[in-house]
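The structure under discussion appears below in the form of structure tokens.
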Amino acid sequence: MTERHDGTATDKERASDVNVPPIDDPESTDASSFTGLYRFATRPQKCVIIIGAIIALICGALQPLNHLLFGDLTQIIIEYSEACLNPNSTNCSVAGDNLSAGIKHFGIWSSINGVAIMITGYLATEAFSYNAIKQVFRVRSLYLQKLLNKDISWFDVHNSGDFSSRMADDLSKFEDGIGEKVPLFLTLQGSFISAITLALVKGWELALICLISLPVSFIAVGLIAYLTTQFSKKELDAYAEAGSIAEEVITSIRTVIGFGGEKLETQRYEKNLIFAKDNNIRRHFFEGIGYGMLWLCIFSSYGLAFWNGIKLMLDGNPVYTPGNMLTIFFSVMAGSMSFGSASPFIEAFATAKAAGRNIFHMIETSPIINQSKNNGAKLAQVRGNIKLQNVKFQYPSRKDVPVLQGIDLEIQAGDTVALVGRSGCGKSTLLQLGVVSQEPVLFGTTIAENIKYGNRDATELDIVQAAKMANAHRFIKGLPGGYHTLVGERGAQLSGGQKQRIAIARALVRNPAILLLDEATSALDTNSEAKVCFQLRASEHRTTIIVAHRLSTIRGANKIVVISDGKVVEQGTHEDLMELKNEYYALVTTQVHSSEQFENIGEANEKKIFDSVEDDDEDFAPKRVNLVRMIKVAEINHEALKETDEESEVDNYVKTASLWSIVKLNSPEWLSLFLGCFGAAVMGTVLPIFAVLLGSILQVLQDSDKNYVRQETNKYILYFVLAGVLAMFATFLQLYMFGRAGENLTLRMRSRMFDALLKQEKRYFDRNENGVGSLCAKLSNEAAQVQGATGQRIGAIVNSLATLILSVFFAVYYEWRLGLVAMVFVPLIIVATFIQKKQMSQESDDYKESLEKSTKIAVEAVGSIRTVVSLGCEKTFFKLYISELMPHIKKCPRNTHARAFILGFSRAIIFAFSACLVYGGYLIKHENVQYGDVFKVAQALIMGTVSIANSLAFTPNFEKGLVAARTVMNMINRIPKVSNSQNALIKNTADGNVNYSQIHFSYPTRDSIEVLKGLDLSVLQGKTVALVGPSGCGKSTIIHLLERFYDPASGTVSLDEDDIKSITLASLRSHLGIVSQEPNLFSRSIAENIAYGDNSRHSTDSEIIEAARKANIHNFITQLPEGYNTKLGEKGTQLSGGQKQRIAIARALIRHPKVLLLDEATSALDAESEKVVQDALDNAKQGRTCLTIAHRLTTIQDADLICVVNNGVIVEQGAHTDLIERNGLYYRLYARQHYFL
């Protein structure tokens, strides 16, 4: 038998290929420092990072050397112009020779420098990009590993619901802050240091004047970085809370849509999104002001520097020649611009630090019980003797509520011991390492793989044998995929009884010395329970501890222990305790109060009843599909998966998202976008205008009239200040308006995605690729990534285009021939950008798929942590998680090489600058072109090309945004398969008549198995109809169809003679109230959970209390310190199964439904609570139609009609006494169940 996960590669094969990174506790590093972000890098990675940082600084340091070469060449050009413009000069020929030599010198050395910049840029980018991917892989691995090794008490007081948000959103921002942006930032800082040093060496007086604004710039940038960090932390916390809500809602999607909670959940989700949006808009406001002021300071300092520089030159200072002055000025200008251009990088680093702090804190918190350590004694052999002595316990989240109050209990090896008592008395607490629980958790893989989680070394024969012992083999073989059938997330494709039998098989395949069963048969039909109990009793040399409310399960135990209020009050055999006539006797007599007609069934009938088990199996067994005998199981399963994938492709098909399609999504913010584009365009024109101003000043310098030079210089200096003012307002508009538009878009996308999800039909969530983890990853990551293709990224594009367009215009206007030479390099940059775009698009798709699959596994493991820990499967899930990430990691070297080369190439813009000046020198010498015009054209075009090169740094964000936009639009635009018809009726009132006519139905994920085969059923107003039958026969499906979780393939379901397809979903479900077999409660207060039953209005406190009284839960609630305000924790984990079920009953009763649906509503209650709740339900049924499913047949004896469902049809129906007299299937079920009582 081949083990599969998700129907693809085997778990064993994939896990064995994984090189799990060595994960040790890292050295303590300050998480708030930037270097702290690399705390989880390995020593070799740290060495590469340090070398990469040095290379990046060298790359930046090389760039100002061109200013030195440019200053020298400029001086030669000015001397040539002065010599040749004077008709009486005899030095023109010599100056011409010097010009030729200077051009050659400049061309050679600037080319060499360009090659060096390209190589160092490539190496630095490669070092950081690849190591960032490896480190994030390690942090992801460590994060999950540490989380899986946390003690269970940690999960009681922490919300693991935000886990998917942390894994997707936080780690994505963390990766963004430690990758290729770091070498780009270091290159800018290297350029800054080198440029300032060169300026000081060439002329310290002028350099210091130029640097007068530097302290202000440092303070401004530091303050902005601090504010950004604080705002980012609040943003991440808000999004994490939203992610927690999303996970809780998607996990409990049936409950949410069943009780009409879609609007309420959307509002609750949006509340956190709105907080994050407002917080980020404030951040963008302060950034706009800060960076706007920074540019004003920079341009003002330029004006001051030129004024002083020209003054020094005109005063005759020999140091300050035009060439030296330009070298100093351009060095300071380049340094200042490098410093000013760091703003997007600082924002990314601040966000990464905020994200890293959240992740690192969780990783470094030591658990109370460290499951990863091998401390403690290891027993060579476990015999099964257990002793508890004066055990006291309270849950960490409710330390003031004692659960166990001095338990003393001794269990001998090989004994079967049963724990009984009222709900919440502490039985399950004793079994917190239990293997088979009341609400069994299965994982989203195959049946065989789920069973094998109990023992990773189990063979095919072991798995089949365990399934037979759990009475699961027959129904498994009846499935088209057999043991290879995918069960869906948390076993959603199976009935409660089928899930419980697989969970029992999973426990039995371990062949444990100690078997712990916590209400392990509560969801089984009588036939299955009888067979499982018989098999368990037959097992020798095994210590078995059973928690049960259904006393049939434990009658034959060696010892029965009665627990009350956290203490042992009675213990002995069934016969001994019955003779005492105390607690146990009261429980038993309460449960068998209505079974007098079978009192004479005794030991003589035991063999007869057990012999009938096999016969009844034939009656209840589904007919075998002939196809199973003809085709290999694996092939059938492959075809089923293929069909699912094809449907997925249809649903997910959206034409490639374009920038325009994303802008249209942002259309409500058209004014913000317009103002942002205006600001970006203005800012884009500033640099080319600045280049023209510089060229004009240089042209003025050749004039011999000092007064004219001073007058013109003052005019241009005023233009510099005006350009600074323009840049200030433009920067504010760009950062604030685009930030505002981007945040509103993110809010809208997240909200619309979540709203669209809640409108999808149940089959959408059944599909393998739409697991909770996968959908939560999309919600938290995709909408945020869309900002990578809008907001500031659009600003960068508009900025670059404006710079390029104006630069080309100036080139054509001042000297078109020189412009053509510079333009040769623009296509190269564009081609490089296109290649990178294509590569990044494919890489983003691969990464997205890898991230979704891995997050799905991680969320499933963390969401079912108790099951994972009890099975000892932490390492198994960890390896599965790693194996899903590995395909992306293996492709990374190729992708990072190409990316690093393109970025390195973009850094070598000096080639274009060199070509412009070399050709410009030729034009000056041979075509009498003004060197001022040469400078204007060269500098303007270079600035335009550099602007495009800088925008390449954000290409990954842009491509990820386009890929994410495709997913977002697909989710938003998907039309639900179950929705309101065009003229749907709003049914405000209902009588409660329900009718099923010729219903045929198959679940979409297993459409080859027909669950209902022409079922007919009428439920009259005010009547109670009970459905009984084996697990998986279709009972719960009947209820699901009435709630329109699914639509039948054929046939009609009607309410009051109205086809439910013609009724709006909201009004249909408003008349239905359901209590499920596995109740889903939310991480809110008890009062809020009860009030959730009716989301159409505000329930008063008196209504909530009255509903709780009817469900027999009021007294328990009032004993809690916070009463009805007590928080239940995730999935209601702070309560026992019986307590959860009673709150679920109260939730249904507060709805005042016309039709009450009870799917094993009392399965988790003790006998006393069951009687009281049953009385409450009987009262609640008055005047209501009730459709109930039960395996405890004593609870439905008084039903107006009992229907026995088998193989998708009703085979018997009638009142209880009528069915007993027929001696049919119902009689045998009832007789067997009463015997076990």
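A Cβ is built for glycine as well, from the same backbone N, Cα and C atoms used for every other residue.
TrEMBL entries are annotated by machine, without manual review.
The feature transmembrane segment, as given by TrEMBL for the ranges 327-350, 1143-1166, sits at 327-350. In this chain, the transmembrane segment (717-739) lies apart from the transmembrane segment (182-200): fewer than three C-beta pairs between them fall below 8 angstroms, excluding pairs fewer than 6 positions apart. Beyond the transmembrane segment (327-350), the same-chain residues lying 6 or more positions past its ends with a Cβ under 8 Å from any Cβ of the stretch are 34, 37, 60, 63-64, 67-68, 70-72, 173, 176-177, 181-182, 184-185, 188-189, 191-196, 198-199, 202-203, 206-207, 210-211, 213-214, 217, 221, 224-225, 228-229, 232, 287, 291, 294-295, 298, 301-302, 305-306, 309, 792, 950, 953-954.
Here the domain 'ABC transporter' (994-1232) returns a mean pLDDT of 84 for the predicted model. Using a Cβ-Cβ cut-off under 8 Å and counting only residues 6 or more beyond its ends in the same chain, the transmembrane segment (670-697) has close neighbours at 299, 302, 306, 310, 663, 712-713, 716, 719-720, 723, 726-727, 729-734, 736-738, 740-741, 744, 794-796, 798-803, 806-807, 810, 932-933, 935-936, 939-940, 943-944, 947.
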